[in-house]
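In Swiss-Prot this protein carries:
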| type | residues | note |
| --- | --- | --- |
| DOMAIN | 1-59 | domain 'LCN-type CS-alpha/beta' |
| DISULFID | Cys10-Cys31 | disulfide bond |
| DISULFID | Cys16-Cys36 | disulfide bond |
| DISULFID | Cys20-Cys38 | disulfide bond |
| DISULFID | Cys32-Cys58 | disulfide bond |
Amino acid sequence: QSTGGKAPECLLSNYCNNECTKVHYADKGYCCLLSCYCFGLSDDKKVLEISDSRKKYCDYTIIN
């Protein structure tokens with residue numbers, strides 16, 4: 001499940017970053033497994049309902 005946005009939009013270079021920073025006021029955002037993945041949200045709300053294994057995969061993929 002993504003926060004708005006369809007899969008093709010996710011693949012655009014700045015789509016997720018814009019979505020995360022402008023809409024959710026996060027520090028930055030990335031596309032991971034065809035959904036936007038936000039880092040550094042200002043409040044503790046979850047933008048994505050995402051499984052632990054998928055979160056680990058996204059963290060690992062984005063950081064490395």
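The backbone N, Cα and C atoms fix where each Cβ goes, and this holds for glycine too.
The most densely surrounded of the disulfide-bonded residues Cys10, Cys32, Cys36, judged by C-beta neighbours within 10 angstroms, is Cys36. Here the candidates are the disulfide-bonded residues Cys16, Cys20, Cys38, Cys58. The one whose C-alpha lies nearest to that of Cys31 (disulfide bond) is Cys16. Cα of Cys58 (disulfide bond) to Cα of Cys36 (disulfide bond): a distance of 10 Å. For Cys38 (disulfide bond), the nearest neighbour among the listed disulfide-bonded residues (Cys10, Cys16, Cys32), judged by C-alpha distance, is Cys16. Restricting the disulfide-bonded residues Cys16, Cys20, Cys32, Cys36 to those with a CA within 10 Å of the CA of Cys10 (disulfide bond) leaves Cys16, Cys32, Cys36, listed by sequence position.
With the fewest other C-beta atoms within 10 Å around its C-beta, Cys58 stands out among the disulfide-bonded residues Cys16, Cys20, Cys31, Cys38, Cys58. Under the DSSP three-state reduction, Cys20 (disulfide bond) is assigned to helix. Annotated pair Cys16 (disulfide bond) and Cys32 (disulfide bond), C-alpha to C-alpha distance, rounded: 9 Å.
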